[in-house]
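Noted in Swiss-Prot for the protein shown:
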{"type": "REGION", "residues": "1-277", "note": "region 'Amidoligase domain'"}
{"type": "BINDING", "residues": "S23, K198, T199, K200, P201, T202, Q203, K234", "note": "UTP binding site"}
{"type": "BINDING", "residues": "S23, D158, I159, E160, K198, T199, K200, P201, T202, Q203, K234", "note": "CTP binding site"}
{"type": "BINDING", "residues": "S24, L25, G26, K27, G28, V29, D81", "note": "ATP binding site"}
{"type": "BINDING", "residues": "D81, E151", "note": "Mg(2+) binding site"}
{"type": "DOMAIN", "residues": "310-542", "note": "domain 'Glutamine amidotransferase type-1'"}
{"type": "ACT_SITE", "residues": "E517", "note": "active site"}
Amino acid sequence: MEIDLMKHIQKTKFIFVTGGVYSSLGKGVSASSIGRILVELGYSVAMQKLDPYLNIDPTYLSPLQHGEVFVTKDGKEADLDLGTYERFINADLNKYASVTSGKIYYEILTKERENGFDGKTVQTIPHVTSAVIDYIKKIKDSLKTDFIIVEIGGTIGDIESLPFIEAISQFKTIYGVNNVMFIHCSPLIYIEKVGELKTKPTQHSVKTLRSLGINLDLLLLRTNQKLDEVTIKKLAWSCGLDIDMIFAAYDVESVYLLPNVLFEQGIHKTILDFFSLPLKNDNINSWIDFTDKITTFKKHNLVIGLVGKYVELPDAYKSVLASLELAAIELNIDLKIKYIQPQNLNENNINEELKKINGIVIPSIAGSIKGWPGALLAASYARKNNIPFLAVGTGVNIGIGEFINNVLKLPIEFINLGNGDFSFLKDAFVKNEIENYRIGEYCSNIQANTITSQIYLKQNQLNERHRHHFEFNNHYINNYFLNQNWKIGAISVDNNYIDVLEYTKNHFYVLTIFNPEYTSKPSKANPYFINLLKMSLKIKES
């Protein structure tokens, strides 16, 4: 790595966000909230996640351990936090926005096996740290925004994250101290019996950061208690910060309210002053208009059933839930989600379990066959009772399988992947032999006189993100479905692939082989989720 002490002012400013004391602190939402404020003030923002785990990416991580796999526009399988980033800053990120230790080490070791280091000893410093810095530069060069906010995964003090911490310490020297800000998120522990906020864990976390070469520029405290002046002064003194560099990320009713909380404290002024940047706009009124819809009295209420293999961890369906939430906010609906484990559904309890459900969503499902009978029962209940139904991604198997089983009376067979799991139904789906894996954004032609044409008003095409190896078998669908009250809602622009199927006897029974949840944004929830709720409400109140 060449050390170029660039002390002059850089156009792109960097904010690095670390977390202390324990994981699942909410630093991703905190970082995203800062990003949203900067966007509202007229600055362009990109975000990046540096994750210390040794998986190359989250493709094969269990959803029960790590939550959903998010997919970027350019086809990167990424940490679910990227979905949070995109929704908050209202921007599409790219393949450089998600980097893991596993990816860094894999690339270094591959290069070493090819003698790419000319016989040099490969070490954490400088080779690993330089690789991290290269990825930080790549997102800057590819997205060219005013700000880049980088979240460091894990907790300060974890051995896994040390190369990342060293890398960002070096980066500040390389890029210029006036162009890089360090923010640390840390909890204040409230002892209810004595009514006291304990600051010692945060003090130790900051001390650990200092020992690793990171001097804080701003401290963001997670707490559900109002910060008092004594606590702020105590932390300022012990952490070597001015009191105006300490802010509180209070617990809020909705994560989308956190930008409001931070803006009211003036965090934007501190950040802009640090970088010597002007205050282009003195309000975040457009965001407040959106969040006012969250806190206002709801005129309507709905219950949507989410049927999925991993409902024990809702984060496994993070973007689906976010899409439903954002759609409900737009429509002024008090939305309740009923999580339904398909393995618990059977012929004896299906009516009781679903009788109060106004709509059903089946997200991507993969893995063992155990939950199939219950999932098919849910799809059958929706089809027979005209319950609005949306199956996305690999969840289209359920809508197709139910019809094959109950209407066509054909046997259900699965494509054997050789590991006890299934991916798609045999015959109804075929492996994509041309592209192998459709992942990322693809364009589809909307077909006339369909539900899709009604919800994508004045559009002839749609752009959605895919993540699948298999496609609808066009021949099978043409022979068995299109003469049985099914329509093609959208087809790929090259006419090779069916992307949307719709059952026309129901008001809203839609199967999308792409994952529409990935493109929902505040004030612009994906149309499929908007119309699922619209139709659910219409049927309920009719």
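The backbone N, Cα and C atoms fix where each Cβ goes, and this holds for glycine too.
Swiss-Prot feature annotations superimposed on the structure.
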| residue | record | Cβ within 10 Å |
| --- | --- | --- |
| S23 | UTP binding site | 10 |
| L25 | ATP binding site | 18 |
| G28 | ATP binding site | 25 |
| V29 | ATP binding site | 21 |
| D81 | ATP binding site | 24 |
| E151 | Mg(2+) binding site | 26 |
| I159 | CTP binding site | 8 |
| T202 | UTP binding site | 24 |
| Q203 | UTP binding site | 17 |
| E517 | active site | 32 |
Subset of binding-site residues (K27, G28, Q203) lying within 10 A of E151 (Mg(2+) binding site), CA to CA, in sequence order: K27, G28
S23 (UTP binding site) to D81 (ATP binding site) - Cα separation in whole Å: 14
Binding-site residues compared (S24, T199) - the one with the fewest other Cβ atoms within 10 Å: S24
Cβ-Cβ neighbours of G26 (ATP binding site) (radius 10 Å): 18
For K234 (UTP binding site), nearby residues of its own chain (Cβ under 8 Å, 6 or more apart in sequence): T199
Nearest of the recorded positions (I159, K198, K200, T202, E517) to L25 (ATP binding site) - Cα to Cα: T202
Most distant Cα pair in Å, residues S23, K198, T199, K200, P201, T202, Q203, K234 binding UTP: 24
Cβ-Cβ neighbours of K27 (ATP binding site) (radius 10 Å): 25
Residue with minimal Cβ packing [other Cβ atoms within 10 Å] among the binding-site residues K198, K200: K200
ATP binding residues S24, L25, G26, K27, G28, V29, D81: largest Cα-Cα distance, in Å and rounded to whole number: 13
Residues within 8 Å of the S24, L25, G26, K27, G28, V29, D81 Cβ centre (excluding the ATP site residues themselves): G19, S30, A31, E151, C185
For K234 (UTP binding site), the three-state class that DSSP assigns: helix
Candidates K27, G28, V29, I159 (binding-site residues) - the one closest to K200 (UTP binding site) by CA: K27
Overall pLDDT of the domain 'Glutamine amidotransferase type-1' (310-542), taken as the mean: 93
